[in-house]
Every structure is written in structure tokens, then in C-alpha cells.
Amino acid sequence: MNLAAIVFLPFIGAILPLLLGGRSRLYSTLAAAGVTSFSLALLIYAAPLALNGAVPHYLLEWLPDLGLHIAFRLDGLSLLFAGLILGIGLLVIIYAHYYLSAKDSAPRFFACLLLFMGSMLGIVTADNLILMWFFWELTSISSFLLIGYWFHQSTARRGARMALAITGAGGLALLAGLLLIGNIAGSYQVDAVLNAAEAIKNHDLYLTALILVLIGAFTKSAQFPFQFWLPHAMAAPTPVSAYLHSATMVKAGIFLMARLTPALGGTPEWTTIVTLTGLATLLFGAYFALLKTDLKGLLAFSTISHLGLITMLLGLGSAGAIAAALFHILNHATFKAGLFMIAGIIDHETGSRDMRKLSGLRKAMPFTMILAVITSAAMAGIPLFNGFLSKEMFFAEAYNQHLFGGLSWFVPVLATLGAMLSVAYSVRFVHDVFFQEPATDLPKKPHEPPLMMRMPVIFFAILCIAVGIAPMLLTANIVESAVLAVNGTVPTLDIAIWHGFNMPLLMSALALAGGIAIYVGRAELLTFSRQFDPHDAKDVFAKIVSNTTRFCDELMQQVENGSLQRYVAFLLVFTLVVVIPELADILQLTGSRPQLPIDAVSLVGAVLLMLAAISTAMLHRQRLTSLMMLSVVGLIVSLSFIHFSAPDLAMTQLVVEVVSIILMILALFFMPQRIPRASSGRRVARDVLLAGSIGGIVGTLNYALMTRPFNSISDFFLANSVPGGGGTNVVNVILVDFRGFDTLGEITVLAIAAAGIHKLLNNLRPFMPSSDVDGRPWHRVKHPLLVQTVSQALLPLALMVSVYIFLRGHNLPGGGFIAGLVTAAAMILQYIANGVDWVKSRFDYNYQTLTAVGVMIALFTGIGSWLFDHNFLTSSFTHVHWPFIGEFELATAILFDLGVYLTVIGATLMILANFGQMTTRHRPRQEGY
Amino acid sequence: METLYAITVGTLTACSVFLILRGRSFPIVIGLTMLSYAVNLFLFSTGRLIVNELPIVGASDNTTDPLPQALVLTAIVIGFAMTAYSIILAVRVRGEIGSDEVNDYNYAEQDGQR
């Protein structure tokens, strides 16, 4: 729990600065510093355990099926990094309090910083690889926010985007790698993965997983060739650079490599790739650090170089190299954070970071100069400073390795060359800025910063010296436990300033002498480097991004061009592609089921049906004709239902047909009268081909299906209809009883559709032509007398029929659906024949209420079963003797059917009556009723 | 008979797909309606074709499969709701933007594209 609290405190605490944002900045700073201190205190409380080699764990199962747990651990490695993150974080918060100008939003800054801090802590303490990756991505996002903190500057925005793109892409590669590793190891828990080291290294996918993980690590830690985002991230406020780009985020990649060293390291592939990448990065960074004129640029490339050094040590992988790497992580974090803060102070107090302008600041800022000299000396690796010790260890490891056979000598030589460059740019940092003639054209008059702003730097400087003089006393414990976590063996650490006259000492001496020589002769070097065309990574990156965007844009234009017809065509083609191979696999189209003979009536009906369908399609530009043809199709479909023993369906289809055609004729009134142009020949050919293929496929499927024998669950319904449902019409019993829940859903959908239509018609101002397309006015008699009379006479008859159909539905064809539709059709006839006003004056009933009542009746009938301790919608029935009618069966299902009946009437009339009213003064205008 | 039935269903499907591929809303709604007929016939035929019987217990010796009938019955009603909704949507669109084109407003008006 304690461990989880360390990680999650900063996340929760990130809200505090925002809440206190309205007050003075001090509150925000105190809140951020308080949260950090609290987390740090918890870490220190847990530290002794980790230092003694016991590893505290915390496990909360999250998605156990996926192997994903909220799991934390605190071994030596985690402790080393967590200490850096929290300790330096605290100092950076203090520094930032003075650094940020009055215009900058401190709450936002501190909130982002705390988010980042929590994410980093999550990476280093996660005990589950996927959880670690999750935090890894969170650092990418929060660092994006921090780099882009001054979002009004385009450099900040572009730098932030580049950092996010590179580290985010690396994160995806990492995820792929971790998934592979987890798959091989059978678990994502760190212990399990480390224990499965042999299985992972011998697996076929080892190299793939290794490369993917290394891409993640190299992008995050700015290793060659992914180093280019880091200098551009310097657009961030200096406290961010000091924190993210020296001590923490860029070390996440290093941490990852250290964490996975037991599982992945030690193989020839690992050694070659990691060592050489580190070496290349070391030289590349050091060389360009020397050429930069921007203070932070110099430090950024220097950071790249030092990260390369650490990476190289991890690549070498011996116990000494691991110890040197971890020790250098500690040292680099202290001196580089200090140097970044000094760069920030100089920027803050002089208004410039350009080394061509800055010079001679020793008089104006003597104290800062002393701090700069100390931290630079540590960076250069001068004896008595901490950088010297780890660099000596580095030299020793470089000298003692024999990885590249006869060519192994080039490693120590290049390492010394890198160190020379490092000395040169360290000297440059101090000499160019603080010595020579004082600068006269600075934007501000330079002066010392406030004491508290210097305080964190003083702390770092003291650490540089203290560790440099008494390394064993101060750091042996933590480095030893970290090495233990990486190597699994307790190391015998022996860090000392003096090891006697040996090769590393000679290399150090060479590096110092050579570095000063390079600095003195830097003019030559600058002239030489000027011959090369400066290739700005930002422009290259921007070009790649814009090219990719353009390519995708064009592709999208091609695919998604706004033509819905095209999308439908794509869908249909895709359907064909999926279905055709499956159908081609069927050995025999015709099944074994005996087929019915074709009779003459069926033949005539089928031919009529097909002709009507084809006419509907062909005459679609003559809309009324097409609609008439459609009604022929519908009629014959209902006839065929009768023919094939489905009277309920035939009745339903017949009434629905009537209602839909009336609806569509109504709609036709509001549609454009102008007949659209014909499609091009190519388009028609394409559509006919596509439609024909789909039709052919459907017909084939249907034929294959019908000619095969089948087993149906219907026997159950047939057997239980009378004893269980109390009705002989099995279709109706299924609807209101066996599958009553489905029917409840269906009528609800119907009611929702009707409500949706009601809404769509609200406030609609339809086009209402006053004449037909040829300019002839509508007929002046709207409601012919003959139709009026007949319809009025028909209404009671129709209602009676519908009641009859409703009542007999349980035993004979009929039921709520059909009866409801019949009633609705009769009512619609009244609207058509007599007009809306006529109906309204006689029957002004609210159809929304009717629909709702219907659904409620059905629902409460179902719920009623609960009162009798039955399941939802269980029906019960009894037989009663009605006078004149005879034996009558009374089932609760009939109540349910009543709900269906009312819903169907309500919904149908809600749709048609509302729509029909569009042309009258009753048309719906307000929202709501 | 099965062959004839299948051909009919295929023809209905083909005609409705052709209509759905048009560029104006009205033919599309007609196509959708016809497609729902085709689908209903298809679903209905999963109970196989039986002539001159009833899905009623005791009315005949050889009852038909009532389950597809029950499914298709609700499908017809829901199909009606869908037809109604789409046609009203088409009317609303026509009222709002003055056109019954289904393609995107910005889709280049090329000849013969609808």
C-alpha cells in the first residue's frame, strides 16, 4: 500500500496546485513541494528494506485474465531512480518558483510537473511490464505538456510535438516488444520475466523483441539515431529541462535497459547493438555539444553524450560496467541538473543564452561562476569531483572489454576521444560565459539571482564534491543494492579516487590534456564544421510529418470522397469478397430435401412479382409509378405468405403494405418534383453488376438452405403451445408468451421510432408545391363525397373486425399486431377521406399517450407475474363460458396482446397522422407535445 | 417450387440493391422497403416451404414451422417502422437543405454521378 501511495500521491496531488491556483504562487509551490516531500518521506521510510536486499511488493489484481496487475516493487534499482525523481523534483519545484515569470501560470506548471513525477515513479517501481508501459506513455504525454508549456511559442509547440511523436512511436514499439516478452515468459510480472531469462534468450523471437524494446529505450533516452528530438525539447522552461532532460525522463530508457538486463542482456546481439549505439551516441553528442552556441543546446548534446556513455556501459554488461553505469546515472543527474539550473539563472538574469553574446560574467555573478566551475568540473571528469570517479570506472571497463576481438582496442580509444570532447565543451561552458571581456550588449544588466534560486544548485554542487571525495560513504549502499537488482549478485564495490598509476588514469590525463587542446584550437574545428550544410532536424521532421499528412489526406480523399453511394458499393463488394469463397466451397448446391412441384398459380405469381420488382427498379425516376409497382410486389408477397401456410404473416403484410404505401405517397408530396438526371452508363453498369451479384448470392443461399433438411426447435413450441400457453395459434403464442420478452422489445422499438418521427416532424418547414410538376393546380375537391361516405360507413365495420381478429388471435390467425394495424388503417382512411379537421373535431386523442399506455400495459402484464412468484411474463389462463360466444379462453397473455394492440395503433397513427398534418394548421410546431 | 422461390428472392434482392445504390433518397427508401420484403421471404423460408397447412395445433396433420413466422411477423412491423423513419428523415433533410441528394454536400457535382 505504501508503495502504491508513493506513486499515486503526485497524481492526486496534481489537483492541489490547480485548486490553490487563485491564490498567490507560493501556495501552488508549497502544495507541489509538500506532496513531493510526503512521497519522498514514504520512500525514505521504505528505503531500508530495499537497501537490505529485501524487495517490498504491492499487488492489486486489475485484469488478471490479461495478466495485468497494479503491482509495484521497490528493489535497489527502483530506489535509486525513485530517489532521484523525488529528490531532484523537490529542488526543481523550489527553483521553478523563482524561475517562472509573473505571466506564467504556476498552477498549470506544477500540476503537469507532478503528473510527470507520478508517471516516472510508476515506471521505476512498476512490477508489471504492461503497467510500466502505461506509465511510460504517461511520461510521454506529461512531458509533451511540459515542453509545450509556453504554447504561445511555435518552437515550444513544435518541439513538444516532435518529442511526443518520437517517444510515442518508441512507446508503441516497446509495447510490442513487451507483449512478445510477456508471451514468451507467460507473465508480465517482473520477477517471472526475469526468471524466464533463458526461455526468452533462446526463443526465435528474441531478436525481434530485443530490437522493439531497444527502439523504445533508445527513443526515450535520445540515443543515436533518435537523438534529434532532445535539443528541440529545450524550448521547454529550464526547470523542465533540468528535471526531464537531465535527471529523469531521458533516463527512463536507461532504466528500462537496466531493468531488463537480466532477461535480455548478455547475448552477443545485446552487447553489439547496445554498446555500439552507446558509443556512437557518446561521440555524436560530445562533438555537437562543442559546436552549439546556445547554452541549453550545449547541455542537451552533452546529455545525449552522457546517456550514450551509460548505454554503452549497460551494453558491456559486466558487473563493474553495471556498477559504473548506475553510479554515473547518479552523478550525471546531480551535475547536469545543476548545470541546467545555472543556464536558467544566466538566461533569467542576463536575458540571453547565446554563448556568442555572453562573456565575462565572473564580475557580475561571481557566486554563480563558482557553482558553474564545480558542476562543469564534474561534467568534465576532473579529480575530486564525482564525474571523475564514474568516468574512471568507464575507462576501466572500456579498456578491459574484449568484445570485438582484434578490434577491441577501438573502444577505449574512442571513449578517450569522447572524454576529450567532453572536457572541451565543459571548459567552453565556463570560459566562454564567465571569462574574457565582459559583454556589453546583453538584454538585461546581469546580477546574482536570489539566494533561494541558487539554493538547489548549491545543493547539487556540494553533492558533486562530497561524492567526489567520499564516494563509498555516500553512495556505496544505494549503488550496491541497485547492482544487486540488476545483476542478482552482491557486488564488491570499490570506488576510490586513487587506484595507482594505471590505464584509466592515463586515459583521464589524456582526456584532460586533449580536451583543453581541442578547446584552444576550437576555431579550426568551427571552420571545419561550417563547410557542412546545417541540417535542422526540426525541418526534416516537419517535412516528414507534412508529407505523411498529405499522403493520408489524399488517400482519404480517394476513399472517403463524400459519396454515400460509393460507401455502400464498397460494403457490398466486401460482402461479395467474404461470401463468394465460402459458397464456392459448397460441394453440392441442391440438398437432399424433397422439393415441391411448381403449380401454375405460383408460377404466375412469381413472374408478376419479378416483373413488378424489376419495374420498380427500372422506373425509379418516375416515382409514383415505381411506388405503384412496389405495392404490387408487397401484395404478391402477402399472397405468397398465404400460399405457404402463413396466414398471420399474410394479414400483417397486407395491412403494413397499405399503410407504408400511403405513407410514401404522402412523402412523395414533399419530395422534389423535378425528375433527377439519369445515372451515367458506367454507373448503371456497375450497379447492375453489383446488384445482380448480390441477388445471385442471396438466391443461391436461399436455394441451398431450402433444399436441405433441418432440425428445428419448433417442436417444443408446437408441443407446449396448448398446455403451456393456452392457445392453438402457435405463432401468436410464441409472440405473446414464449418469446414475449422479444415482443416487448419490438413494440418498444416501434414506439421509439414513432417518437423519433414525431421529433423529426417538429418545426419542419417542408416544401409544399401548390401544383404538380407540369404546373396543374391540385384538384379543388380535397375530400370526394363518395369516399367520405364509404369510409365513414367502413369505420365501425373495420373496428369490429379488428376486435374480432384481436380476440381470436390466440387460437386462430390474428392477434394484437394485426388487429392494431387494421384499426390504424381504418383510422388513416378517415384522415384521408375526411381531412384532419374532421377527425380532430371528433376524435382528438393524443397518440403519444396511447403508445405509451400500450407499452406500459405490456410491461406491467409481465411484471404482474412477479406478484404470483412467477418469472417475468409468465402467462396463466383459464376457460370461461361467455354467453352467445361460447367457450372462451381467458389468458393473461391477452392482456399483453392488448398492450401490443394499443402500441401498434398509437405508433402507426403517431407516424401517419402527424405526417399527414404537415399540410394543415395542426402541424407540429413546438418542441414537446 | 424451391427454385422458383429462390429466384424470386434473388430478383427482389437484386432490384432492391440496385435501388439502394441510387443517389436520391426516395428510390433508396423504396429499395430498403423492397429489401425488407426479400429478407422477410428469406427468413420465412428457413422454416421450409409447406403448402396448404396452418401453424395451428389441431387444425391439420402436418403443422408448419411457427417460429420463422413469428420472427417474420415482428420483422414486418419493425420493417414498417424503419421505412417510416427513413422516409420521414428524407423529408426532413429535403426540408432542411432543399435537396434529396444523399451524397455529401461537398461531393463534386460530376455529371452522371447520381
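Don't overthink the numbers, they just go from 1 along the chain as shown.
Every residue, even glycine, has its Cβ placed from backbone N, Cα and C.
Taken from TrEMBL as is:
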TRANSMEM  A:29-50  transmembrane segment
DOMAIN    A:65-110  domain 'NADH-Ubiquinone oxidoreductase (complex I) chain 5 N-terminal'
DOMAIN    A:126-404  domain 'NADH:quinone oxidoreductase/Mrp antiporter transmembrane'
TRANSMEM  A:163-185  transmembrane segment
TRANSMEM  A:270-290  transmembrane segment
TRANSMEM  A:322-346  transmembrane segment
TRANSMEM  A:367-389  transmembrane segment
TRANSMEM  A:409-430  transmembrane segment
TRANSMEM  A:496-520  transmembrane segment
TRANSMEM  A:567-584  transmembrane segment
DOMAIN    A:608-673  domain 'MrpA C-terminal/MbhD'
TRANSMEM  A:626-644  transmembrane segment
DOMAIN    A:683-770  domain 'MrpA C-terminal/MbhE'
TRANSMEM  A:785-807  transmembrane segment
DOMAIN    A:787-909  domain 'Na+/H+ antiporter MnhB subunit-related protein'
TRANSMEM  A:845-868  transmembrane segment
TRANSMEM  A:888-915  transmembrane segment
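Contacts between the transmembrane segment (A:496-520) and the transmembrane segment (A:322-346): absent, as fewer than 3 C-beta pairs lie under 8 angstroms at sequence separation of six or more. Tertiary neighbourhood of the transmembrane segment (A:29-50): same-chain residues 2-3, 5-6, 9-10, 12-13, 16-17, 20, 56, 74-76, 78-79, 82-83, 86-87, 89-90, 93-94, 96-97, 106, 110, 113-114, 117, 121, 481, selected by CB-CB distance under 8 Å and a gap of 6+ residues from either end. For the transmembrane segment (A:785-807), the list of distant contacts is 651, 814-816, 818-820, 822-823, 825-827, 829-830, 832-834, 894, 897-898, 901: same-chain residues at least six beyond its ends, Cβ to Cβ under 8 Å.
Stretch with the most C-beta contacts under 8 angstroms to the domain 'MrpA C-terminal/MbhD' (A:608-673), considering only A:65-110, A:126-404, A:683-770: A:683-770. Averaged across the domain 'Na+/H+ antiporter MnhB subunit-related protein' (A:787-909), the predicted model reaches a pLDDT of 84. Through the fold, the transmembrane segment (A:845-868) approaches residues 740-741, 743-744, 747-748, 751, 754-755, 758, 874-876, 892, 895-896, 898-907, 909-910, 913-914, 929 of its own chain, all at least 6 residues removed from its boundaries and within a Cβ separation under 8 Å. Residue counts for the domain 'Na+/H+ antiporter MnhB subunit-related protein' (A:787-909) under DSSP, helix first, then strand, then coil, are 87 helix, 12 strand, 24 coil.
Only residues 6 or more beyond the boundaries of the transmembrane segment (A:888-915), in the same chain, are considered here, and those with a CB under 8 A from a CB of the stretch are 659, 662-663, 666-667, 725-727, 732-733, 735-737, 740, 743, 747, 750-751, 753-755, 757-758, 761, 806-807, 809-811, 815-817, 819-821, 823-824, 827-828, 831, 836, 839, 847-859, 861-862, 864-865, 873, 875-882, 924. Proximity of distant same-chain residues to the transmembrane segment (A:409-430), defined by a Cβ-Cβ separation under 8 Å and at least 6 residues beyond the stretch ends, is recorded for 275, 279, 282-283, 286-287, 289-290, 295, 298-299, 301-302, 305-306, 308-309, 312, 339, 355, 369, 372-373, 376-377, 379-381, 391, 394-395, 398-399, 401, 403, 503, 507-508, 510-512, 514-519, 522.
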